[in-house]
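> Sharing a structure, written as structure tokens. Questions coming.
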Amino acid sequence: MIELESHDHSHCIDQVLGAAEAVCKEKGLRLTDQRKSVLKILAASHVPASAYDILDRLNSARKEHAEAMLAPVSIYRALDFLLQNGMIHRIESRNAYVACSHTMSPHSEITIFMLCDQCGRAGEFQSESLGGLIERIAATAQFLPHAPVMEIRGICAECRQIKTESS
């Protein structure tokens, strides 16, 4: 199920940051303040955000505190780090990013994103059986897939309910 936008995101943020800190500790990496800020923005919403969306949000907060503005390259570096270490996913069809909701899970299954065309939210799911099917197809084709991801567009339950109520 795709999470409701109205639910308490502080739990999502705490869960994602905790998992990211554990990954960094295990791998001997640093979760810098900037990386953490980018990850918090992504965990605070189930709507994928582009690098420039993230940059705008961070610079708005920095402007309020009279801090120096960030350059796009610093956001892309943070996103690359988070992506390479399995803390976020890139939604290819939207050129945007979401926090990984299964950071501590094995990434051997296929990750499936259900993307709502109306509200923009993304739900993340994993399927071992579909992952197995893809592995068998790839083996037959003598192909080695890297991090299989599937994006499925449609309408989430909340948007369908709103549409039904307004009809």
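Using N, Cα and C of the backbone, Cβ positions are placed for all residues, glycine too.
Copying in the features that TrEMBL gives for the protein in this structure:
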type	residues	note
BINDING	Cys116, Cys119, Cys156, Cys159	Zn(2+) binding site
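Tell me about the surroundings of these features in the structure.
Look at Cys159 (Zn(2+) binding site): DSSP puts it in a helix. Residues within less than 8 Å, Cβ to Cβ, of Cys159 (Zn(2+) binding site) and separated from it by at least 6 positions along the same chain comprise Cys116, Gln118, Cys119.
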> Starting from each candidate's C-beta and looking 10 angstroms out, tell me which of the binding-site residues Cys116, Cys119, Cys156 has the most other C-beta atoms.
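Comparing the binding-site residues Cys116, Cys119, Cys156, the most crowded Cβ belongs to Cys156.
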